[in-house]
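As written in TrEMBL, here are the features:
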SITE      R16  site 'Transition state stabilizer'
SITE      K23  site 'Transition state stabilizer'
SITE      R154  site 'Positions MEP for the nucleophilic attack'
SITE      K208  site 'Positions MEP for the nucleophilic attack'
Amino acid sequence: MFQKYAIIVAGGSGSRMQTSQPKQFLPMGGEPVLLHTIRRFFNYDPALVLVVVLPEQEMGTWQQLCAQHGFQVPHQVVAGGQTRFQSVRNGLAALAHAEEGVVAVHDGVRPFVDKAMLETAYETASRQGASVVAVELKDSIRRVRGGSSKAVDRTAYRLVQTPQCFRLPLLRRAYAQPEVAQFTDDASVVERFGHKVQLVQGSYRNIKLTTPEDLVLAEAFLVQEKGK
Ligand SMILES: Nc1ccn([C@@H]2O[C@H](COP(=O)(O)OP(=O)(O)OP(=O)(O)O)[C@@H](O)[C@H]2O)c(=O)n1
Ligand SMILES: C[C@](O)(CO)[C@H](O)COP(=O)(O)O
């Protein structure tokens with residue numbers, strides 16, 4: 001067995017959602033999105049060490065929401081940075097005293113992560129160092145260049161999700177690199193550091209709440225889950 005950690009990043013402003021409240025705090029089935037996400041990790045493994053990264057100015061909001069919803073899942077709260085990279089780095093700093101184990105980095109706005117996916121991602125990273133959940137493309141894709149476009153082979157690509165799991169010392173060393181614009185996720189950081197990343201099966205339900213229509217889908221998923 002190995003110790004499991006999770007850094008749940010919720011330090012963004014949610015500009016594409018176009019709501020006054022950051023999307024991680026929006027209600028979904030009557031409870032904040034972030035609360036659902038954290039609970040999924042706790043239900044997977046109550047012994048998991050949880051670090052939640054929040055916008056510095058929203059610490060009070062989160063405290064209030066936890067009190068309002070009687071949310072008791074133990075977690076450490078850390079202030080985020082200007083970019084996702086900086087938020088993950090701040091989350092890692094909160095684990096400075098942890099030595100071994102596997103850490104998942106997960107978007108706070110992906111509330112439909114499930115137990116099977118978490119188990120596969122953690123186990124794969126414990127054996128191979130780095131794992132990333134991903135799904136096949138459902139649409140055709142085209143490469144755009146200048147004013148024209150060209151069809152490309154979609155079977156050669158995957159859509160990358162979170163959780164992305166890593167042996168803790170590896171992720172720590174990778175995040176000591178200087179930030180570059182190409183770092184859109186944790187896998188890209190670890191890969192640039194020189195470590196291969198193993199893809200594992202994600203899910204089409206594991207959506208990232210990004211734009212307003214994603215909330216409609218999320219509510220529908222919840223209704224469906226409650227009916228099961
Ligand atoms: N400085 C940042 C930026 C993003 N995130 C987190 O990274 C996840 C994925 O990012 P994204 O969906 O892009 O969130 P936002 O940056 O909040 O959204 P937008 O780009 O629309 O502003 C989210 O859970 C978000 O809160 C973060 O912790 N710190
Ligand atoms: C990490 C991520 O969710 C994997 O798909 C994605 O890269 C985040 O990108 P965003 O531009 O911050 O939404």
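Glycine too: its Cβ is placed from the backbone N, Cα and C atoms.
Quantities reported herein were computed from a predicted structural model and do not represent experimental measurements.
DSSP assigns R16 (site 'Transition state stabilizer') to a helix in the three-state reduction. For K208 (site 'Positions MEP for the nucleophilic attack'), other Cβ atoms within 10 Å of its Cβ number 15. In sequence order, T210, T211 constitute the residues six or more apart from R16 (site 'Transition state stabilizer') in its chain with CB-CB distances below 8 Å. Checked against ligand 2, the recorded sites K23, R154, K208 give K208 as the ones with a Cβ under 6 Å from it, listed in sequence order. Of all Cβ atoms in the shown protein chains, 27 besides its own fall within 10 Å of the Cβ of K23 (site 'Transition state stabilizer'). Rounded to the nearest whole angstrom, the C-alpha distance between R154 (site 'Positions MEP for the nucleophilic attack') and K23 (site 'Transition state stabilizer') is 31. Across the fold, the C-alpha of K23 (site 'Transition state stabilizer') and the C-alpha of K208 (site 'Positions MEP for the nucleophilic attack') stand 11 Å from each other. DSSP gives K23 (site 'Transition state stabilizer') a helix state.
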